[in-house]
Amino acid sequence: MILLTEECNGHSRNNSIEDRGTQLPGHTETDRLQQNKDTVFFRDGVRRIDFILSYLDDKDGEKKQERRREFEANLRKAGLELETEDKSDSDDLKTYFLKIHAPWEVLATYADVLKIKVPFKESDIPHGQDVPLEWLSRPFRLPEKVMRPQPDYFTSPFDKDKIDFFLIKNRDTFFPPSTRNRIVYYILSRCPYYKEDRKETDKKGIKRLLNNGTYTSAFPLHDCRYWERNTNEQCESERYHLYKNWARFLSFYKEQPLNLIRKYYGEKIGIYFAWLGFYTEMLFFAAVMGVICFTYGVLSYDDNLTSKEICDPSIGGSIVMCPLCDKKCSYWKLNSTCLSSWQSHLFDNEGTVFFAMFMGIWVTLFLEFWKRRQAQLEYEWDLVDFEEEQQQLQIRPEFETRCTDQRLNRITQEMEPYLPLPKKCGLFCLSGVTVLFWMLLIVACITGVIVYRLAVYAAFASIMKDSPTKKIHLVGSLITPQLATSVTASFINFVIIMILNFFYERVAIWITDMEIPKTHLEYENKLTMKMFLFQFVNYYSSCFYVAFFKGKFVGYPGNYTYMFGKYSRLRNEECDPGGCLIELTTQLVIVMTGKQVCGNIQEALLPLLRNWWCSRKARKDQYSRWEQDHDLQNFSQLGLFYEYLEMVIQFGFITLFVASFPLAPLLALCNNILEVRVDAWKFTTQFRRPVAAKAHNIGAWQEILNVVAIFVQIYVFIAFIMAFTSDMIPRLVYLYAYHPGSEATMSGYINNSLSVYDISQIPLLSTPEEGAIPAWFNSSFITTCRYRDYRYPPGHQRQYSHTMQFWHILAAKLAFIIIMEHVVFVVKFFVAWLIPDVPSEVKARIKRERYLIQEYLHNYEVEKLKIQLSQSFIIEAKPEVCTTTDKHDVLSECL
């Protein structure tokens, strides 16, 4: 939809009192700037600046000067109008600025080439029906002029030969600035810089000129300063409205002005913020369910018989547990894990099962409703018949430079560079080996962290055997060897994750460059897959270990399993009697929260420091609009890549491992509310205005989200965590099958879940040292110890082998996984069938628009032919006029 707006004319006038009142601290020095420099127009105040190129006057830049001369001459031949600002007028006295304006003829020609949709009739379809209790949403709404900066139009691809078919009120303002800069960039990316007598087809495009240093930057201008309106009252000052209503954190509870974002920045950036906002809205429902699940754990705190038995001195205090490590660890009483058992109950309770099933269904709802929202945006933003723009499929300058082989293009019948298949396969194999090496490096680092856990646990157990931490006020009694090992290992793992992430990001870019992708779209997709694959292993591997490996391959006293063999003395870790879920919770909280905090510091704090430093340097009386934008950060082609990556990694955390921490969606919701405003602040205040680009979806990230959803739904990742990490299934089996009394209760569960071992049979290698044995341990009275497993006691004919209850619990776990998989799978397909990808209202609007286009084109052609026929006849006799009228009717019917 195209808005017919009135642009600024660049005339200067004094700031109003209202504008002065909205200025930010630190900007008073810029109030004295001459307004004629802070303009988006040429010196004549009429022609709008559509693009800016900057360059330096190098002493050894004769080749660059020649390239610039040829390039600018070819731009003039293409119809663009240029105006240069001398370096003496710039802030640093070194930079030249080339201003570019596209006149109507150029805009009309390329709008026809690019098939840009423009309005031909105002929409007669109402925005929507009145919603009951609509007044409740008014505090969250923005003003209508911000939410809908332009009327709704029926649109059609622009045709230069049918100018009067479209709603053109003013040619200067018919194409909005975002469309104008897109057209100019299209010309810049294809304009050659070779002389006419030398046809060097590889020498074309502004990207190559930026790469070889001929120009230092290329960017469209912001329409005003972000902290004040433009001095012209008729100017919309869209950047100012975006900052005021969208980028400030105090607007966190307000809806996003997506139409204004799309109008100012283009569809590609608009679709990102639409997806981020929709994802945040859907997180609200997951967060509510997570809080309900956690609240249930808190309210049922006193009804937890398992924890009561562990903490009871007569039950848990009388149960002596076998040592958790060799030599340094001693026998310990079960009630020493009283606190961790209560903590486990907060997250590992009956409500967690229902929450896990809810999250499996939530993933399907999120993806299905996003498809509907995306279809609605495709219609509203004229992307229904969108195909990838030629500029996205344009050959990369690096590909043209490094590929010396040529072959005939069957479509264009022109010679073009190409990468031979043997070389392509060799580069692909080298890239694959590099990615595999880094993944093995991650596995090695995780193995190192596991070794740390095994080795340090014994050290912590030795240090804390006399309870020196009890002397620490408030928290001393909470510190146990298990907690100390888990927390320190999680922090070390997080530091390793961030270090590997820092280096691999550069390696991924390097190996992607080495593969020499042909197009920018191919480059971005390859880098996306490499980065996500690495990040998936890097961030999730430690959680995988705790969820599926820790405590699963321990063995039993007298036959323990060791990580690197018996003589390494690194015995595999055991879980607490309450299960490993609380440790998975600790791991998830530290890694997920740490990543979000570091990301927000990097995105918000560092730009603020840079802003402060730059504001100290820029204190000049002359500071033009192009210089202000030149000093901002460049928005690279991969600018949105890192934003998507951060959110998709978070999506994996809250779906794959959410059963261990129901409050994870709440943390993600709080982070995303801040993330939306931080990203908005960066776009409006820290970045140059990006070139408007089209995109009808979120690209390769949609497929990645689908893959994560497959892990959650089809492979029922959450069900595996509930079955093999949580202690829920063993408790249910005991409750309904092995409880000795007539009434089904959990009393006696702890004693039932612990097996017995004869202390005299413990090998010398595993026997605690003399100094490690606590004072309360009397070997004369205590002859057995307990361990977490289901095995026959000593003296039984099948002593230390698994009991039948173990196999019943295993069967119950597998049955739970299968049942949950089928339930989620059926619900997934039912929801997908129930919710159509495209809303019926959108389908009706699309059909209505296509019908109107055909009808209006028909009437337009008929009227055009009538005018032509009437001009071909002068005055005819009355009967002849009737004949002509009949001819018109027949012609109208034929058309």
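A Cβ is built for glycine as well, from the same backbone N, Cα and C atoms used for every other residue.
Note: TrEMBL annotation is automatic and uncurated.
Annotation comment: TrEMBL describes 8-29 as region 'Disordered'. Residues or ranges marked as domain 'Anoctamin dimerisation' in TrEMBL: 41-258. What TrEMBL records for 261-849 is domain 'Anoctamin transmembrane'. Feature annotation from TrEMBL assigns transmembrane segment to 272-299, 351-370, 425-452, 483-504, 651-674, 704-724, 814-835.
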With Cβ-Cβ distances below 8 Å as the criterion, list the same-chain residues six or more beyond the ends of the transmembrane segment (483-504) that contact it, or say none. 340, 438, 441-442, 445-446, 449, 452-453, 456-457, 460, 464, 531, 534-535, 538-539, 542, 583, 586-587, 590-591, 594-595, 598
Segment confidence, the domain 'Anoctamin dimerisation' (41-258), expressed as mean pLDDT: 85
Determine which residues of the chain contact the transmembrane segment (425-452) at the Cβ level, with the cut-off under 8 Å and only residues 6 or more beyond its ends counted. 419, 489, 492-493, 496, 500, 504, 507, 511-512, 514-516, 530, 533-534, 537-538, 541-542, 545, 563, 570, 573
Cβ pairs under 8 Å only, please: of the recorded stretches 272-299, 351-370, 704-724, which one is richest in them relative to the transmembrane segment (651-674)? 272-299
For the transmembrane segment (704-724), find every same-chain residue at least 6 residues outside the stretch whose CB is under 8 Å from a CB in it, and list them. 352-353, 356, 359-360, 363-364, 367, 528, 532, 547-548, 552, 581, 584, 648, 651-652, 655-660, 813-814, 816-817, 820-821, 824-825, 828
